[in-house]
Each structure stands twice: as C-alpha cells, then as structure tokens.
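Engineer: Quick one: the structure is below, questions incoming.
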C-alpha cells in the first residue's frame, strides 16, 4: 500500500473497515429479527462460533477531508444488491438508498474534477500540455483503485486471476496488435485519445436485474479479467463490431483476438437470454398466484437454463405438482419447519387426520415432511454451491454403452461407427470435445446409452456436511426426527440433486464441445478465406464428371469469362478431347488448370497429369491444382449467380466459380453460405444459430481486414464489411452508379441509410485507390471542367454544408468535398486523421510519400530517435493508435496481407496410394482441421490424418501457435507416413514441420 497515493490509501482502508462492520451489523440485525419473529430458522453457512468484533475506529475530521471521508460510505452504489438467504425472510430486490448513493457518488466525482481543473488553471499553458498524459494516467490509476475498492470484485492484479486469465501474445496485423503497456479503460468510444474509467467502472446496469453481477459471471466463464469484460460489454452495447474493436479499440480489450472476443459476446448473449427467461417465468408464475419469496429468490439466483428449469418445473401450467407441493397443500410445511426450528416441541401425531388421504397415518406425516425438507434442500443456493464445488474435486465420469435395442431398429453401419464408445468411460475433466459430440450423436441415433456417474463419497460427505452445518436443527432433536432429516437428505440427493447435477454436467460438456466445434469451423473458414490470391493469370476451371462430362471455363486475369465448354474425358473419348483442350489453352495462353475435388476428380487429375508428363501442351508449361468445390453447385443455381452470369448453364457456372476460387478466394467464397463450404466437424449437430452467427462474424472479420476498394468491389463483397449490410451495400452501389466513383471517404455520409455509427464502423476498412481517382478527376476536368459535386482545391481538409433534399428533413451531408485524401487508401481511421497529419509534420513527411521507401526511412529514423511511447505522449494518443497510423503510412497502396499466407499447391504429376511406404516423407496441403487431428492432402486421392497428439508446439512456427492462426486449410506441411491401411484407405501421418 505504500506505493498508493494518499487518497487511494484512505479509501481502501475505509472500505475494509466498512466491510468488516457491515458483516457484524448483519449478524446483529439477524439476531434481532430472530427474537422478534419467534426465532425463525435459516440454513447455517458455517458452524456457529462466538466471535468478537473490534469496535470501529472513528477517523479524525482534521486529517481526512470531507470528500475522502464520505467516499467509502457511498461506494455501495456500484455494488450489486445481495439477497439474504433466508427461508422466511422477505427478498430484497432493490436497494431503496441506491439512487441517493449514486447521486452522492456523482457529486464526489464532480468535486474531484473541479479541483483538478483549478490546479491545471494555476499552471502555465506549456506545462499543462507537456504533463497532460501523465496526469491522465495518474487519474486513471486512482479511479481504477477507487472503483475496485468500492466493488466486491477482486482486482485484476490479485493472485486469484494470476493462473486463469488469458494472456495474448504479441501479434501481427491479422491478430491485430501487441500487448498493451497498461490497462486503459473508457466509458465511451475514444477518438484515438488516452482515456480513463469512472469510479464505478465495473458496474454495468442491465435491463433485467438479477441477484448476480453479469461482469463477474462473464469473467468467471471466459477467464478474462473483469475490467476487460466491462469494457467489452460497453463496446458491444454501443453497437461496435468485432473488426472495429480489434483494430481501433485494442487497448480497451487487453489485446484479445477475434475468437476470444466472439466468445465473450456469445457468453454475454447467453447470460442475458437467461435473465430474460427468468423474468418472463416470474411474471407467468405471479399471474397464477403461485409465487413465494423463497421461489423468487431461487429464480433470481439462476445463471443457466438448467437451473431455471429445475426451480420452475413444478410451477408450470398443467403440471401435476411435486410431492413437496402436495404435502404443502395438506398443511405439513409447518411440521417440516418445526423439525428444524423447534424440534423439542414438534408432535407429528397432532397432524394425523384419519379421513384425509396423506394424513391418515404417522408414516404418511413423516413422508410428507420428508418431501418438503427434500425440496427445501434441493433449492437452497448454499447447498447447491457446496455440492457443485465438492464434485469439482471428486471423481465424476461419463459412461457410454451399447443401447439395448433390437437390431432391426438400428443400422449395423451406425453401430460400427461407434465401436469405440460401446464400453467407454472417462473423467469429465479429461474427456475431449470430439468424444462428447460423438457420444451425443450415438445417443441421438439410439445406438448408445449415456450416463454420468458420481462417486459415493460425494453423497456421504454431502449428507455429513448438511447434518453438521447447513441443515442442523436449532436444538436437540429426538432420534425419530433425526431419522426423518437423514431420509430427507438421502431423498433430496437421489431424487432431485443427483439428476440436476447430471443434467448440468451433460449440458456444460455439450455446450463447451459445440462452442469448440464452431470455433474450429470458424478458424478453418478463416484459413480458406485468407488463402493467398493468384492474380494476373488466365485460368481454366474444370468441374469433373462422368456421364455429363467435365465442364470447362476459361477466365481472364480480371475474372471475366472468356470461354466455356464441355468435354467427355472418361467415356472413351479422351484422346479426341485432348486436342480440344490443347487448342483452348494455346488460344487463350492459359497455363494453369484448376480442378474441383468432386466426383471424378481423381480420374481427371490423372488425365491431365499424364498429358503434362508427355509434354503434350508444349510450348506451354502447364500446371494444375486441386481446389475444394464445396458449395459451388449450390451457388450456381442461386439468384446471385443468375444475376452475375445470366444465360449461362448452371453446370458451367460451377466451373467458373472453381477457377475464381484460385484467382481471388475471398471474393468468390463470400458468395456462398459459410456452412456449405464444408470445413468443420459435427457442424450439423451443433446449434445452427450459434454456427451461423460465428461464421458470419468470421466472414465479416476477413473481408474487413483485407479491405475493399469502394469503387470497384461487388455488392456481395461490400455487404460483409463491418457496419454494413445488404441494404446499405445496395445503396452504396446505387450512389456510385448515379454519381460516379467516390472521391474520398467523407462522401459515404451522403449515402442513404449510412449514419454516423455505420460510417464509424466501416470507414477504416473501405479503401479509395488514389491512382484511379486521379485518372478519373483528370478525365472529368478535361470534359466538363468540374466533377459532379466535387471542387478540387489544394486543401486537404473537408468542409461540410447542409444540403436540403425536398421538403423532408435531411441529415447534414458533405456537399463540397475539396479533394481526394491520400489517407483514404490506408487502414487509418478518419477519426485519427488529425493525429496522422501531426505525425507526418513531426517526421517531415507528406501525404504523397505514403507507402514509398522514403516514408519508411523517415518513420524508422524518427522511431529510433524518439521511441513509440514518447511520440504517443506528444501526440496525445495511445501506442496502439500510433501503430495503426505507422502501418497505414508505411504499407504500399497495393498491400495485401494475404500474400503472407500459402498459395495453392500446383503439381505436374500424381502419386497412387499403392506407391506409398512407411517412412516416406511427403509435402501436402491441410484439407481440414478437427479437434482430434489434421487431414492432409498428400496427392494420392485420399487424405491422411495427423493425430492431434503429433501436432506439438515445437513443430509449429511462432505465428502458427496463436489461436487465431492455428494450423488450418491451405497450410503446406511436410509429413512422414507412419501407417498405411489399404483395405480401409487410411493413412496415418506425423507432422515434421510447417512449410
């Protein structure tokens, strides 16, 4: 504490004292309530023990200013209201003094701000400017400490988070950033400026209030620090997209990658869905008049749908009611409570009613009281928390076996597929995700029977803890009453708690496995989308086939269709068709053939390989490659394909799509629904809503970071840019067709439906080619003297005027755009243009040197002289924003980071499966990545499998170790053959290295 400022010290100490004496006051108030309410019984969290509390120390007013003294007292305004766990007490849902405390907190913050302003006003202007960043940093630290001390959360630097928090490694442009130098927090979106967080930083007010803090639960489930979760929630609440956050707000999320950010977003949506479901269920039960205080408390504590189902199932419409409900209707709840509160005065014989069913005998009375007690135990939060924590440290396994069904009902092939799981048992902490998905599929097909097994020691320790601690009667209980209590515990565990735990374990395992499967699908899709393009080539696309022939399509280097045809290579006409193929290749000077991997792919590949080996296509040096044709047939009959290639046969459209997948994979694959690309694992078994949301987000991420040229890109590609959708993309294309090309980014504000938020999200990912604009401007100037709506001057700034559109009210639009801005061809966001201009002035550069070697030399020399931190401090910005500016100024205009990824593997010959031998070293291309291994195409017609145990970090390069750039489709690898199973066509490989 010695390193803290004086104000921070006083506040932290004050909070500790308040927390200590608040617990003392709660105990004393609880004892007073017990005396007043005839000693109402409640479950005991700990063994009763006499404890002395030290008297509170009164602080001296002279040593502590009034603001500091009140700070700890009003800090509760940011805390989540805690509901007391009492069976007979009213549920506190809202704090009546909450608003007053918030008002006091705002007053204190206002006083601090005013005091800071007075100090700054007393300093000279030059001094204030040089020390501004330092003051902001100190204030940010003090605010962070104050916020942490006022909340119930553990600070991010404590040992609790030390072993669990995600730590991202330094990354390149694609995973977007390096580790931040410090944690900078903000309540609003910064404009490239260093920011600070308010005192109640970790408090997020949700529309639906629960008894748990959404920030804390989100942090626990994702293993991400609370301050990062708070920032992320605020960013998502402000409608920021993942690409925008990753590139331009990375200091607020501690450099998380896109996959981690998507995980936070999905978990946040799940928690909010649970909260909404809880409150809708509460309203339904209230209308039926079945709501009680204990039920309300239990429902507001629910964090999952399984917990809510467990609590609310007996109260659903049409339910026959539980055994406990029927016992309560008979009036036995008083007997059950008396057993815990006043066992010495309880007489079960007084409840006997010979003419009432369920009360006719003493045994009926005991069973009814037992059912009520079992229900109370199974719905008590403290009890459920204890049993869950107990299971985490004990042996809990999942078992699967062959289902006892007749062979007529189950396909024998399905039984053979699940041979590994017919006698399977594994600890739930060690089981793999793909095993869970396989077991679930077998269970759905009625092939397997699955159960969760909890060791008997868990039950014994649970019952012992309940008797001695949580559910111990207040006074001495007779042996027959203790027998009822023990029977209640056994009944509660066996009939209620055990099934609940099994459902929770299965649901958690399935949820985690589905999420990992979806994440793997997303990573594979990213690798495919970011495959390096092959520009500047004329390509022949081949869609193989037998009876209907092989469809051919030749496209130009600009993706224009030059020729289409059909050849029959596998119907005895191979020699005749070879001459036609040769003439086509020679006429269009095409030396690259792209073959789809569908039906007849192997035979078509052998056909072309044989002709190439015979040098049949001389003087052309022809090569070929195999590309996935997944989704090509679906796209060929879609309305978009009909609009793009009208009048062309759908089969020939597939050949065109296959060729374009090599020329520009991203531009072609975005036309296909992601789930049809087919690079996943169990993708048809997982939540389709989650799968679609994740894959759409991955497509948006890839398209945004590659960037698009607004004046030549297609509508299909444009709709996947962050902040845009189908309607906005359509409006942009219509504006471009009506008014000509966009001169700079500011003109986007004139497009219908593109508001300030949409412009903020998309502007940094839209590029404007300056050479194209200069050519267009010169042509327009020669013909008409002035570009429509654009006056060209020497200024680099932009003036905005109001343009009235009829009688309707219109937004302020850019009517006069003074000239093209060279910064519009970079990844620099318009909000940082002012900082970029000041940086250029500092290094002595100009806008016309962007992307040139001279600019790179000036930047390097300036960085060596000053350093990143000093430059960022001088420009009053963050290091991350400065890095984006440096990258934007250094990268050439034609920069495409996809060139760092692997290109298609072009071949001239073919290898057969029979030619392989154990120990042979081959090079191949990753075809698919799953949770259990990597499938590699080694050119023998059947993919080999690298088991996941053979993919170690030592064999991966530094960039491949990152989660977002894991080994995936398109990667070239060197492998060694470990085993060959020719009858089953299986090849086992070992990874040597990544090429």
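Keep in mind that glycine also has a Cβ here, set from the backbone N, Cα and C atoms.
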Engineer: Checking feature assignment: coiled coil per Swiss-Prot, candidates 227-257, 258-288, 289-319. Which range matches?
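Structural biologist: When 227-257, 258-288, 289-319 are checked in Swiss-Prot, coiled coil belongs to 258-288.
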Engineer: By the DSSP assignment reduced to helix, strand and coil, which category contains residue 861 (phosphoserine)?
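Structural biologist: Once the DSSP labels are grouped into three classes, residue 861 (phosphoserine) ends up as helix.
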Engineer: What is the pLDDT of the domain 'S1 motif' (919-992) when averaged and given as a whole number?
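Structural biologist: Reported value for the domain 'S1 motif' (919-992) is a mean pLDDT of 80.
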Engineer: Of these recorded positions, 861, 955, which scores lowest on Cβ atoms within 10 Å?
Structural biologist: 861
Engineer: In terms of DSSP three-state secondary structure, what is the assignment for residue 955 (SUMO2 cross-link)?
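Structural biologist: In the DSSP reduction, residue 955 (SUMO2 cross-link) maps to helix.
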Engineer: To the nearest Å, how far is the Cα of residue 955 (SUMO2 cross-link) from the Cα of residue 861 (phosphoserine)?
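Structural biologist: So the Cα of residue 861 (phosphoserine) lies 36 Å away from that of residue 955 (SUMO2 cross-link).
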